[in-house]
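Let me begin by presenting the structure, written as structure tokens, before commenting on it.
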Amino acid sequence: MIRPALRTDWTVEEARAIHALPFPELMHRAQTLHRAHFDPTAIETASLLSIKTGGCPEDCGYCSQSAHHDTGVKATKLMAEEEVLAAARRAKAAGAQRFCMGAAWRSPKDRDMDQLCDMVRGVADLGLETCMTLGMLSPGQVARLKAAGLDFYNHNIDTSPAYYAQIASTRTMEDRLETVEQVRRGGIKVCCGGILGMGEAEEDRIALLVTLATLPAHPDSVPVNLWNEIEGVPVQGRARAVDPFALVRIVALARILMPASVVRLSAGRTEMSDELQALCFLAGANSIFVGDQLLTTGNPAAWKDRDLLSRLGLHIAPARARPPVAAD
């Protein structure tokens, strides 16, 4: 199948027109592009561990880990390396191909970089792909993580540029995009997506995807999150449940605008029916998080995911071979 050239010049008007297509046509276009770039029966798997929880100085209105909100989440210190590696071993045994480590920081301190790099090397030595989400990074920190063997860096832009000020005031969309660009220039693969259900309009969801699809290079992975109900955060008062078909349309639009990117169903799958997840896979989603816990929210039990994939005739994508990590 011929693969159309990837575009980074999408307009909101084009995306809006695609998003509004009759459902069968939208799904057909998304599935056609999905098949041009991926095995349509293969689902990638990742596992996520909070290596430093709570106490974050950012005031993101959706997040349980912000020090600005009274959510009952207690701040912890950075995990010890062996504790992280034990979790990585369990994740691999459960079928994860990638191990993501998240810390609730605005940005990591230089004093923590040695420990973070040791974690990356240790996880890579287990044969897992490595991913971190630590907040904003300096070019020097990007270089150190790259040298340690970090494969992916997650840094979501969360929502549209127009709606961003409604969810955070301690950082800007420009701050987020600057880190994404630093990571890309540093040779680490970019994982960047957003969150639905925070009170944003349909236009904001479309604009979020256009922002990602018009970056100098499309993100390698695009997580699609549904906001989870969290007591004590500002978003709680304006959050609205996302219509199931609206979610499928956004997944399909992500696949069409960024056909070579992995589209991951991330937070919120505990609220999705099997039928809704199946529609999302049909629309082009081809990755999930496995394991009972994400950062501070729940995730479907491993047996449920295995059962769902089996019933759909889908399989876990084979792990990619990773090159050996050079010693310091």
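Note that Cβ sites are derived from N, Cα and C of the backbone, with glycine treated the same way.
These figures come from a predicted structure and were not determined experimentally.
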Query raised in the report: Which of C63, C117, C131 shares the [2Fe-2S] cluster site with C100, C191, R264 per Swiss-Prot?
Result: C131
Query raised in the report: Measuring Cα to Cα, how many angstrom lie between C56 ([4Fe-4S] cluster binding site) and C100 ([2Fe-2S] cluster binding site)?
Result: 18
**Report entry** Pairwise CA distance, C191 ([2Fe-2S] cluster binding site) versus C63 ([4Fe-4S] cluster binding site), rounded so that it is a whole Å
**Finding:** 19
Query raised in the report: By a simple count, how many Cβ atoms lie within 10 Å of the Cβ of C191 ([2Fe-2S] cluster binding site), its own Cβ left out?
Result: 29
Report summary line: One finds that other Cβ atoms within 10 Å of the Cβ of C131 ([2Fe-2S] cluster binding site) number exactly 24
